[in-house]
Each structure stands twice: as structure tokens, then as C-alpha cells.
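Chemist: If you look up Swiss-Prot, you'll see H16, D167, A168, K169, R233, F234, D242, R248, K249, A265, K269 marked as ATP binding site, on the strength of sequence analysis. Annotated Mg(2+) binding site per Swiss-Prot: D18, in sequence order, evidence recorded as sequence analysis. The feature K(+) binding site is assigned by Swiss-Prot to E44, with sequence analysis given as support. Residues or ranges marked as L-methionine binding site by Swiss-Prot: E57, Q100, D242, K273. Per Swiss-Prot, the feature region 'Flexible loop' maps to 100-110.
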Amino acid sequence: MANDYLFTSESVSEGHPDKVADQISDAILDAILAQDKYSRVAAETLCNTGLVVLAGEITTTANVDYIQVARNTIKRIGYDNTDYGIDYRGCAVLVAYDKQSPDIAQGVDRAHDNNLDQGAGDQGLMFGYACEETPELMPLPIHLSHRLVERQANLRRDGRLPWLRPDAKSQVTVRYVDGKPHAIDTVVLSTQHSPDIDLGTLREAVIEEVIKPTLPAELIKGDIKFLVNPTGRFVIGGPQGDCGLTGRKIIVDTYGGAAPHGGGAFSGKDPSKVDRSAAYAGRYVAKNIVAAGLASRCLIQVSYAIGVAQPTSVMVNTFGTGRVSDATITRLVQEHFDLRPKGIIQMLDLLRPIYEKSAAYGHFGREEPEFTWESTDKALALAEAAGTEPVAALAE
């Protein structure tokens, strides 16, 4: 890669239609896990103008009012007016859940015992990533993209910009020099708004109140291109503007394109699904490797076969930044982390109703107490084993 290049990532707000679907799916998962932590859940959601469809496979002893959970989620997001195209009070909610296939269940149904050889719920490959670009050990473009739409939502909720509506998208382009962030090049922010705000007022307010307070001062160099609602009017949005589906924002959910993605979405899936749990474990491993000072950038890939507990492969790539060899780091990963599906569930305490919070503004790089995969509690042990100096601010 050239010494001087541009890299871009995007994010979307909690009111984006695909994120509405993700949050409903994870709210339903949480409601089920709160009653029956051994449930098997694959909850998919479709949302359109005035309509929500709940489908998928659920096997549980829990008694959940799925329709009310969906309505409560839509209300929390802010769709409480028919003018927005969907209103939690009046939208239709259709429920079409089935049970998990017994052919799949036979490989993973030992969840209740202490046998760590519970098989993976499906085949697949998952990636974890960490780097030193931010204190959270995340790539800077996706980190800033998340913070922009999160700030847009906060300003909407507290009434400082009362003409904002729930749907929004952000995109940040960063200039890199010698592989490190050097300056912000372009910021795009498109936000849904009420029809009575003029475009000039909107653009000035978004730049001054949303964008500028979010950008790191040391990366504001020269002329930054601010593109706010570049097509102009954005009144029709959310599920009215586009049909929303669970699992369509997998790059937003992870590393903004800075790392590969195995293709499996997260939301609506209980932790027996390695699409979710192994991706969380991958982040946990990669973050601890970087926090331990073993490398300044780390990618890990793991893969699984359905019904088989042990990963079919574990790969570590530090892109030439390793203080020890990638082979040594791979060995340390296998010694310090249990990457069997049930081992991951126990290691990260995943049988809890913690997932709705993850369904907007990124699953990674957020210091939420429930997000155990963001802990760097293995960093000191890894550093001691490898003979490196841990990142002092991160090693616990």
C-alpha cells in the first residue's frame, strides 16, 4: 500500500431502517435470554412503511410478547409519529417464527451441561481485528463515523436540534501517511429532518454542532470537505424511505472495511451461533494482542464446522508489526484463549440479555460494561509470556 493514501468508512444511526431491524431482532433475543438463557434464537426482522415482519427460528421455554417488544424498540428509537412513516402505536406487526431444525440442534444441544465440546451451530469463518489508531484500538474512520451518528442521535433526543429525525448516515475519509492517520479529508453526514428547516440552517448546524465537536483537533489540517445532506431534502427516511432488514450492515457493525468479514451477521442470533460469538472472540483476542504490545495491528481468522467444537483453523496476521513472530502469537492464542463455541460463551459470559445495545453504533470499540469482548484482561499474561511491554493505558 502506498505511503500516502485515503481510506473511508461509514456508519448509520439507530433510526436507519436496517438498524431498526437489527435492534428489534436483538431486543427479541434479549427478552428471550432474560427468561431462558439456553434458548436457540435466529430472529430476523423486516420493516417497511407501517409494517414490521418477525420471522426466523426460535426454540425456547420463554413466554415473550414479541409484538410488544418490537413496538417498544421502535418507540425507543424515536419513531413515534405517523409523519415519520412508521409509528410504534399504529404499525402492523406480523409474527412468523418457527423452531430450530432438529438437524441443526443435534450438534449443539448439549448447552445445559458442562461439556465444552458443544459443537458449532454452523460452519463459517470469522475475523477479529485491532490496531493502535484509537484508544479503543479501533480503525479511526469507523470510530469517527459511529461517533458522528451517535452525536446526531443525542442532539435529537435532548432537543438541541429539534428538527432532526431518527434516520442518518455518516462517512469519514482519513488521509494516512506511513500507515498512520494524518488528517481528516472528507466528512459526509446525511440526516433526516423535519420539512420546515431550510437547508442552509441545517448544514451550518450539523457542521458546527455534530461534526466539528466529534473530530480530533490534531487531525483537522487544511481544508476538510464537509458534505451535509448533499442531495438536499431528506424528509422521507427510516423504514418509509427504504425497507429495513436484519443483517445488512455487517461492515458498519465491525471494522468499516479495514479488516475482512466472514459474511455472517450478528443481530438476532444467540451465542451458540459462531457467526456472532466467534467474531466477538476474535475481537477479544486481537485487542488483547495489541494491548499486550505483541503487535500494533492484528487480524485473526477462525473457522468452524457444524457440530464440531474445535476450530478448523486459527490464523494470526500482524502485517509486519509484530514484536514476536505470527507463529508465536498463534501459539499464545491457542494457549490463552478457549475458542471452542462453549468455551467462548463461558469466557465472555455471553448467555445474558446484553445484545440490543450492540445493535447500533458498532459491536466493537465501545467501552460498555456488558461488552466483555472489549476487555484487555489477558494483556498482561500475554505480554509476560511473549516478553513484551503492554500498552500501559489498556492492560488491566
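The backbone N, Cα and C atoms fix where each Cβ goes, and this holds for glycine too.
Source: prediction; values computed, not measured.
Each of the listed features needs to be described in terms of its position in the shown structure.
Modeler: Under a cutoff of 8 A between CB atoms, and with a sequence separation of 6+ in the same chain, the neighbours of R233 (ATP binding site) are L199.
If you take the C-beta of D18 (Mg(2+) binding site) and look for same-chain residues 6 or more apart in sequence within under 8 angstroms, you find V12, D242, G244, L245, T246, R248, K249.
Listed in sequence order, A21, S25, L54, A55, G56, L245, T246, G247, G268 are the same-chain residues six or more apart from E44 (K(+) binding site) with CB atoms under 8 A from its CB.
Summarising the environment of K273 (L-methionine binding site), the number of other Cβ atoms within 10 Å of its Cβ, over all protein chains shown, is 23.
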Chemist: For R233 (ATP binding site), which of the three DSSP-derived states applies: helix, strand, or coil?
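Modeler: It is coil.
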Chemist: Taking Cα atoms as reference points, rank the binding-site residues H16, A168, K269 by distance from E57 (L-methionine binding site) and give the first.
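Modeler: Closest by Cα: K269.
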Chemist: Taking only the binding-site residues H16, A168, K269, which one has a CA atom nearest to the CA atom of Q100 (L-methionine binding site)?
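Modeler: Its closest listed neighbour, by Cα, is K269.
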Chemist: Tell me whether K269 (ATP binding site) sits in a helix, a strand or coil according to DSSP.
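Modeler: For K269 (ATP binding site) - judged by DSSP and reduced to three states - the answer is strand.
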Chemist: Return only the integer: C-alpha distance in Å from H16 (ATP binding site) to K273 (L-methionine binding site).
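Modeler: Pair distance, Cα basis, whole Å: 25 Å.
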Chemist: Among all protein chains shown, how many Cβ atoms are found within 10 Å of the Cβ of D242 (ATP binding site), not counting that one?
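Modeler: D242 (ATP binding site) is surrounded by 17 other Cβ atoms within 10 Å.
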